[in-house]
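*Asks:* Structure in structure tokens, see below.
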Amino acid sequence: MLKLVQSMNAHKGKGWAVDWCPHGDDKLASSGEDKVACIWLTEDLKKTKLAGEPCTLMTKLGDGSHTRSVRDVAWSPCGKYILLASFDGQVTLWQQTKPKKSAYNCVSVVEGHESEVKAVAWAPSGRFFSSCGRDKNVMIWSLLDDCEDVECSGVMTVHSQDVKRVVWHPHTDMLASCSYDDTIKMYINDLDDGDWTTTCSLSGHDSTVWGIDFDSTGDRLVSCSDDQTLKIWKKADAGGDQSWSCVATIAGHHTRAIYDVAWNKKNGLIATACGDDHIRIFREVPATNELEKNNFELLFALRAHSADVNCVKWHPRLENILASTGDDGCVKVWKWDDII
């Protein structure tokens, strides 16, 4: 079951996103409708007591830099940089000036989207990051050695409606996006000429695809939708084949739109954030024979927030720790216990 570890009244208005720092201290970033991102220093999550004191607020970013909601936040793989995506059409890149200090400087303001930026994500190599927005575009940005100079290396215009989320493959510079047009697109970088190309388009949801996430291998992808279902997609087994197919649909558990989904890279659990104020946890059930397919069962459901849950993120190193935020403006840290 999920047990509450820490809870913060983090944002005035909606809380939009959370993201764990991949290295160093257990830092958690959150972003909200109040035009800022907060960086929290959590307690020792291996030893912390349940329902303990709120996390320590280290600093706030974006205050005065953004004029509208900060819709998304993303740490770089090295943990030294953080991206903020805003409804004001800008992405800002922040650098920590001193290790273990709360001082961050904005080193770049990235402009290119014509309207609201909905999401940002770093490639695992740290050489690229991507952004997407209401202008229907997915933009891919490359960083020079000092990470302060940012260049646009690709603009993908294959979606017909606003793009909700971008997520990178966990091991390679392959990118996936999902949209209000009910589809998922995938892109790769051509190493010969440096161009980005669309490799496939996945259709199957009946409404907006709000979120996507890869499993630990990168060979499967989970998607969540306004149609209240999850879908599991699998890459073709052939080495050079870039096609994907839907291998499972998880339905009947959510009563409103599913706004986010997170696939735990350590233990394989899937967490969802739903418009019915609940977080749900699913586990894969292996097939019992060659004629069956693996299925997914609901392990636990909890009314986690007093309004829509907008984002869930598993801790990158501690497999049983989950963070969430929602329309109530709260940021919460949870501990998963297999004993139900």
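Cβ from N, Cα, C; glycine included.
Pasting the feature list from TrEMBL:
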type	residues	note
REPEAT	63-95	repeat 'WD'
REPEAT	110-143	repeat 'WD'
REPEAT	156-187	repeat 'WD'
REPEAT	202-234	repeat 'WD'
REPEAT	302-335	repeat 'WD'
*Asks:* Please work out whether the repeat 'WD' (202-234) lies in contact with the repeat 'WD' (302-335), by counting C-beta pairs under 8 angstroms that are 6 or more apart in sequence and asking whether there are at least 3.
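*Replies:* Since fewer than 3 Cβ pairs under 8 Å link them, the repeat 'WD' (202-234) and the repeat 'WD' (302-335) do not come into contact.
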*Asks:* Can you name the far-off residues of the same chain, 6+ from the ends of the repeat 'WD' (156-187), with a Cβ under 8 Å from a Cβ of it?
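*Replies:* Answer is 116, 118-125, 127-128, 130-140, 196-203, 205-214, 216-218, 221, 223, 225, 233, 242, 244, 265.
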*Asks:* Could you give the residue numbers and ranges of same-chain residues that sit at least 6 residues beyond the repeat 'WD' (302-335) on either side and whose C-beta is under 8 angstroms from one of its C-beta atoms?
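*Replies:* For the repeat 'WD' (302-335), the sequence-distant neighbours (Cβ-Cβ under 8 Å, at least 6 residues beyond its ends) are 1-20, 22, 26, 28, 30, 32-33, 38, 40, 42, 45-46, 50, 55, 256, 259-267, 269, 271-275, 277-280.
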*Asks:* So what's the average pLDDT for the repeat 'WD' (302-335)?
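*Replies:* Mean model confidence (pLDDT) across the repeat 'WD' (302-335) is 97.
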*Asks:* How does the repeat 'WD' (63-95) divide up by DSSP, counting helix, then strand, then coil residues?
*Replies:* 0 helix, 20 strand, 13 coil
